[in-house]
Amino acid sequence: MSIEIANIKKSFGRTQVLNDISLDIPSGQMVALLGPSGSGKTTLLRIIAGLEHQTSGHIRFHGTDVSRLHARDRKVGFVFQHYALFRHMTVFDNITFGLTVLPRRERPNAAAIKAKVTKLLEMVQLAHLADRYPAQLSGGQKQRVALARALAVEPQILLLDEPFGALDAQVRKELRRWLRQLHEELKFTSVFVTHDQEEATEVADRVVVMSQGNIEQADAPNQVWREPATRFVLEFMGEVNRLQGTIRGGQFHVGAHRWPLGYTPAYQGPVDLFLRPWEVDISRRTSLDSPLPVQVLEASPKGHYTQLVVQPLGWYNEPLTVVMHGDDAPQHGERLFVGLQHARLYNGDERIETRDEELALAQSA
């Protein structure tokens with residue numbers, strides 16, 4: 001079941017929380033709405049579900065406008081962060097509930113309901129807990145029950161509002177893998193809200209990064225990491241070094257160091273430089289690619305690579321986080337050399353293109 005979000009705006013009083021949002025979600029895709037608090041991601045999810053109504057715009061499921069349909073008529077499954085299980089019902093009865101309250105013409109008979117719930121319990125790996133009550137379950141088990149209950153009525157679309165937010169880190173990781181496997185098996189269309197970058201990129205087919213009621217980028221997880229569309233996406237995804245410098249003529253100056261950009265940008269003046277740890281050139285010997293001396297402050301082996309915190313020597317004040325590959329991990333206090341050639345430069349929110357990027361843009365024009 002595909003979802004079309006067309007020009008959705010939403011305001012609460014004088015506060016605009018969604019600004020002309022448009023997004024197409026193909027059938028069978030799992031999409032993460034990722035952003036900080038106040039970005040509008042949960043409001044958008046609730047509008048898709050019919051739990052909130054947009055100020056303007058349309059929601060279409062497989063081409064049919066459902067904008068005015070009540071939530072119960074949209075055939076959407078919704079999983080909340082805090083489970084919302086019935087405390088006085090067993091696991092089996094919690095999952096059964098949605099089926100028993102269907103209109104008579106849609107309601108399966110008792111035998112069919114029992115068979116379906118039994119199958120769902122096996123699918124969510126809780127068949128041995130069918131007779132227990134919510135108070136007797138762990139957080140991860142409760143969330144599996146909530147998901148099985150949502151799937152019992154065979155929703156056209158599954159929506160999840162920070163489904164793992166109340167769980168500890170290890171349980172979250174296990175449930176993320178399990179949800180992804182379940183999605184691969186059932187191929188349902190799903191949209192989930194999260195503020196966790198790792199969760200979004202690990203589980204989703206596509207990540208929609210939101211900020212202040214706008215979509216900053218909607219792309220495959222790897223693309224969001226490697227080719228952030230805006231400065232906000234670059235910074236929000238985390239693991240990024242930021243240095244302050246200046247463009248003068250055709251050169252970029254940072255501290256006592258400078259290097260040629262290969263052309264003279266129209267903009268001249270202060271800029272911010274961004275580099276993810278694995279984008280920093282690093283070597284034990286000075287070279288054209290790695291001319292800047294640094295000293296190792298911390299070294300954290302991660303298996304096939306080592307994550308380092310290094311202090312620039314004489315050319316910048318703040319430490320950098322870098323990644324060095326290989327088994328021969330540097331020691332605390334060791335001198336290394338880094339290069340910043342792969343940096344992204346920004347004047348405020350405006351990207352300053354490098355020479356290679358300028359050529360690529362010219363060739364594609």
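From the backbone N, Cα and C atoms, a Cβ is placed for every residue, glycine too.
The ATP binding site annotation in Swiss-Prot covers GLY35, PRO36, SER37, GLY38, SER39, GLY40, LYS41, THR42 and is backed by sequence analysis. The Cβ of THR42 (ATP binding site) lies under 8 Å from the Cβ of LEU33, ASP161, GLU162, VAL193, each of these being in the same chain and 6 or more residues away along the sequence.
Look at Swiss-Prot and you will find 3-237 tagged as domain 'ABC transporter', backed by sequence analysis.
Residues GLY35, PRO36, SER37, GLY38, SER39, GLY40, LYS41, THR42 make up the record's ATP site, and a Cβ search at 8 Å around their centroid adds HIS195, MET210, SER211 from the same chain. Per-site Cβ counts within 10 Å over the binding-site residues PRO36, GLY40 peak at GLY40. Here the binding-site residues are GLY35, GLY38; the one with the fewest Cβ atoms within 10 Å of its Cβ is GLY38.
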